[in-house]
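Student: Quick one: this structure, given as structure tokens, is what I'll be asking you about.
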Amino acid sequence: MTKILRSPALALYFLSPLIGEFFLGDFPVVLLPLIVVLAPWYGAGALLIREVARRRGRGWPTIALLALAWALIGEGLLGQSLFNPGYADAHLLDHGFLPGLGIGATWTVFVLAIHVAFSICLPIAIVELGMSEPRQPLLRRRGILVCTALLLVGAVVTVTTAYRTWGHFVAPWPRLAGTAVIAVALVALALRLPGRAPDGARPPGPGIVCGLFLACGAALLGGVRLATAAGLVTMTVGIVVAVITLALWAPSPMWTDRHRLAVIAAGLLTYGWSAPIRMWGHSPADHALALVSGVVYLAAETAIVVHLHHAVVRRERTTYG
């Protein structure tokens, strides 16, 4: 893990699918080789999102909006889980179905939120916290071209896999067109945001920050399992609280690496407790595999946090003597 994290671009390329699919609990540890197939869409997407934002001198709001556009394209245009009632045979649209839009409100809020927060922002935060110059570009011109090609390959793999696996479904063209327009608007808005926000409010201690974001993560991951109205309210509260507190505290000069580590740890631990539940299955073999996978993933998440803690401590010693 340490050797991988020493190459920020490579780390981000693999951390995005690792967190976004495996730590989430969508795949057990025995399917880890699938990360090679998932990385072009996830990893190249995360790299390009970060590269666009940092090269333009933009901050986390730009990254988050670009991540939302990426998630909307992935789930709305490519995999089309937002519109496909038979996707994953999980009845995803049954909860909070909106006939006019053809989506399930619960699934839409949940899947877009986890992709923004955990598939893109969390891996970028992990990699940047381990860097001595967190805003420096990671890719040269050739690297950008390679990542763009990989992203296109990942898009083709995503759309063909979803089409063949889940009933040859294609959403009506007005819904696809509307999704594309929203994604383009999000990108345009992201690139127009200012590079630096005004100084924020004084944040509480890292322990309180970690606890707060654990609660927000629990609201999101737990809310999706509640009845429709209660689930939507719970998830929305978790998302809004997380966004507002970050907007208030993160721009503050007193927002330190330890606060950033607290948010990262909360994100990883949120997936740590929820992954075995998602993988639980129906048979004793499924239960055993879920537990083993959960332990392995939690160990990896702990290793990431420990590695970053050591990096933060070393940086503090260098800075303050």
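Glycine residues also receive a Cβ, built from the backbone N, Cα and C atoms like all the rest.
TrEMBL lists 30-49, 61-83, 103-131, 143-163, 175-193, 205-224, 230-249, 261-281, 287-308 with the feature transmembrane segment.
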Student: Grab the same-chain neighbours of the transmembrane segment (30-49) for me: Cβ-Cβ under 8 Å, and only residues 6 or more beyond its ends, written as numbers and ranges.
Tutor: 9, 12-18, 20-22, 63, 66-67, 70, 74, 78, 119-120, 123-124, 138-139, 143-144, 147-148, 150-151, 153-155, 157-158, 289, 293
Student: Which sequence positions outside the transmembrane segment (230-249), separated from its termini by at least 6 residues, show Cβ-Cβ distances below 8 Å to it?
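Tutor: Contacts with the transmembrane segment (230-249): 60-61, 95-96, 105-106, 109-110, 113, 117, 197, 200-203, 209, 212-213, 215-220, 222-224, 255, 259, 263.
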Student: Which range wins on Cβ pairs under 8 Å with the transmembrane segment (205-224): 61-83, 103-131, 143-163, 175-193, 261-281?
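Tutor: Selected stretch: 261-281, with the most Cβ pairs under 8 Å.
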Student: Sequence gap of 6 or more, Cβ distance under 8 Å, 3 or more pairs: do the transmembrane segment (143-163) and the transmembrane segment (61-83) meet that?
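Tutor: These two stretches do touch.
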